[in-house]
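This report concerns only the one structure given below.
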Amino acid sequence: MADKRDYYEVLGISKSASDDEIKKAYRKLAKQYHPDANPGDQTAEAKFKEASEAYAVLSDPEKKRQFDQFGHAAFEQGGGGAGGFDFNMGDMGDIFGDIFGDIFGGGRRSRASNGPMNGANLRTAIRITFEEAVFGCEKELELSLKDECETCHGSGAKPGSSAETCHKCNGKGQVTFTQQSLFGMVRNVQTCPDCRGTGKIIKEKCPDCYGSGYISRKKKIQVSVPAGIDNGQSIRIRGKGEPGTNGGERGDLLVEVNVSRHPIFQRQDYDIYSTAPMTFTQAALGGDVRISTVDGDVLYEVKPGTQTDTKVRLRGKGVPTLRNKDVRGDHYVTLVVQVPTKLNNEQKDLLKKFEESVSGKKSEDTTTEDTKEKKKKFFGK
């Protein structure tokens, strides 16, 4: 027997690969090398057979156990199929149906499509302010939604006429067809192309809805935005999506919330972050600093000698949680000392006197000595 590659190597997987990983690897190779997708390519056909043989073994728990223990020698006495053993193609029907459906455009086997089907969800977006996201709000949307046509009452047929049973699928909404493959005939089921799964054909269409059974109308919808919602989250409004078919329920409306940036506040989860200014005097002597919060301004008492970039925590001044609006996050504030940019002569003298009292030196003398020293270094004297 000619040398054969390890089955795991053929599929490009490890020995610890799960059943899903084995199936996924085979699916990829089968789609790539299937003879019908590569007509006349003998190399592709050989690789397809090799991958199919590997999958037939590794997808069967008993054969996989034998291969893991004895390798290819476990099947040398099997005779028959490619590679010295006979594998059951019936066990591979599901994956073949999936693969051939992808390659040839056929659908996967599915439940009858002419039963009740819920409508699709609709998506839209709203923009709200930072404060509206924190405390919640009410918004009104105007959307174009489909409603049952009043002329035909949703049948899609012209008044006085009725829909007929589809002859192609006999009212089932699905058609079955077979395809010849390398391994025999493969059975596929797909939605009927004539009636699109409804099982009925409308020959005389309603003049108002043109056979769809629905009319689009502008509607106003109230959106209750809960307190604590964050940017990018969505609100689900049930029953405001696309109408269902064959008695199915309407889909839902998903409203994505976009929160505008705030000039002062930033948010992380349920906590708020900001900065607040304090004067040099407040930092040195202590006192009340005014801090802006989403609830309004509050006074925070700083201790004498508070340094710039000091962080303080205002408990319960953050964002309400979605589960319980009475529970709120915190507000973290970074205190920043504001240095005055314009001083009059009197203010400058006072600061100089303060500096002298701290350093023990006259500010003018210190400046003069510094200036002299710099000049000496510059002129080399």
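Placement of Cβ uses the backbone N, Cα and C atoms for every residue, glycine included.
These figures come from a predicted structure and were not determined experimentally.
The zinc finger annotation in Swiss-Prot covers 136-218. Per-residue pLDDT, averaged across the zinc finger (136-218), gives 85.
The Cβ of Cys209 (Zn(2+) 1 binding site) lies under 8 Å from the Cβ of Cys149, Thr151, Cys152, Gly156, Ile215, each of which sits 6+ residues away along the same chain. According to Swiss-Prot, the Zn(2+) 1 binding site annotation covers Cys149, Cys152, Cys206, Cys209, on the basis of sequence analysis.
Marked as repeat 'CXXCXGXG motif' by Swiss-Prot: 149-156 (among others).
If you look up Swiss-Prot, you'll see Cys166, Cys169, Cys192, Cys195 marked as Zn(2+) 2 binding site. DSSP assigns Cys192 (Zn(2+) 2 binding site) to coil, not to a helix or a strand.
Sorting the repeat 'CXXCXGXG motif' (166-173) by DSSP state (H, G, I as helix; E, B as strand; all else coil) yields 0 helix, 0 strand, 8 coil. As annotated by Swiss-Prot, repeat 'CXXCXGXG motif' applies to 166-173 (among others).
Sequence annotations record features per position, and here Swiss-Prot assigns repeat 'CXXCXGXG motif' to 192-199 (among others). Sequence-distant contacts of the repeat 'CXXCXGXG motif' (192-199), counting only residues of its own chain at least 6 positions beyond either end whose CB sits under 8 Å from a CB of the stretch, comprise 113-114, 165-169, 171-175, 245-246.
Packing against the repeat 'CXXCXGXG motif' (206-213) from elsewhere in the chain are residues 148-152, 154-159: each is 6 or more residues past its ends and has a CB under 8 Å from a CB in it. Annotation comment: Swiss-Prot describes 206-213 (among others) as repeat 'CXXCXGXG motif'.
What Swiss-Prot lists as region 'Disordered' is 356-381.
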Might you list, by sequence position, any residue in that chain lying six or more from Cys166 (Zn(2+) 2 binding site) with a Cβ less than 8 Å away from its Cβ? Gly173, Cys192, Asp194, Cys195, Thr198, Gly199, Lys200, Ile201
Please report the number of other Cβ atoms within 10 Å of the Cβ of Cys169 (Zn(2+) 2 binding site). 24
Between the Cα atoms of Cys206 (Zn(2+) 1 binding site) and Cys169 (Zn(2+) 2 binding site), what distance do you get, rounded to the nearest Å? 23
Determine, for the Zn(2+) 1 site, the additional residues of the same chain whose CB lies within 8 Å of the mean position of the CB atoms of Cys149, Cys152, Cys206, Cys209; present them in sequence order. Glu150, Thr151, His153, Gly154, Ser155, Gly156, Ala157, Lys205, Pro207, Asp208, Tyr210, Gly211, Ser212, Gly213, Tyr214, Ile215
